[in-house]
Amino acid sequence: MQKPKYKRIVLKLSGEALAGHNTYGIDNEVLNSIARQVVEVVRQEVQVAIVVGGGNIWRGVAGSAKGMDRATADYMGMLATVINALALQDALEQEGMGTRVMSAIEMKEVCEPYIRRRAIRHLEKGRVTIFAAGTGNPYFSTDTAAALRSAEIEAEVILMAKKVDGVYDADPVKNPAALKFDRLNYIDVLSRGLGVMDSTAASLCMDNGIPIIVFDLTREGNILKAVLGEEIGTYVGR
C-alpha cells in the first residue's frame, strides 16, 4: 500500500453524520463504520484527532431561534458533543483502539480536560484523541473548533465528513444538475457561501494554511483514501 500523504489529521464529524438516515440520535451502524475506518487509518501510522458535533441531539442555533438565550443553547450543544464523543470512544475501543476524550468544558469524571500539550502527546502515542465541547465558548461552531484544534496540534489537513461526495454549487439532493467542485480556494468558500464550513472556521484555516478535504462518509474506506492522497471529494486550499 502507498504511504500516507498526511501523518496527523483532524477528522470533523457532524452530529448529523452520526445520525445516519435518522433525524435524531446515533446510528450504531454508522458509528461502527467510522470506528473501523479510523482503525484502518491508524494502522498506517497516521495520528488521528476527531472533532465531533452535536446536531443529532441538540443545535444551539435552533434553540436560540425559538427564543432561548443563545449562550445557554450553545452550552447545551457542547454537552451534546460530549455524548457523541463518548459513544465514538466506546466504538473505537471495541475495535481495540486506544483513545482519549478531551473536553473544552471540564468534566473530569468522564473525560480529560483539553490541554494542548497533553493532546499532542496522546497522538504521538498512537491514541485516537476525540475533542468534545467545541471551543468551550458559545457563539462558536464545532467547525471552528476543528479549525482551532487543527492549528493548535499542527494537523496537516482537516477531513470534513459529509453525506455527499464533495462541495457543489447547489444542493445535489434537491438539484440533480448541481455542479461538483474538485478543487476550491479559501476565498471561493468565503465569498460564495458554499457551505463547506462557517466563515470563522474557513478564515482560521486560510490564515494557518490548513487544507480541507470534503468527502462522503457513507462510503466505507474514504477516510483512508483521503489520507493516502487519492483524489476524492473536494479539496480546499491555497
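A Cβ is built for glycine as well, from the same backbone N, Cα and C atoms used for every other residue.
What you see is a predicted model, and the numbers here were worked out from it, not measured in a lab.
Cross-referencing Asp69, Asp74 with the UMP binding residues that Swiss-Prot gives (Gly54, Thr135, Gly136, Asn137, Pro138, Tyr139, Phe140, Ser141, Thr142) picks out Asp74. Of Lys12, Ser14, Gly15, Tyr168, Asp171, all annotated as binding-site residues, the residue with the shortest Cα distance to Gly54 (UMP binding site) is Gly15. Residues Lys12, Leu13, Ser14, Gly15, Gly55, Arg59, Tyr168, Asp171 are the ones the record ties to ATP, and the longest Cα gap between any two of them is 24 Å.
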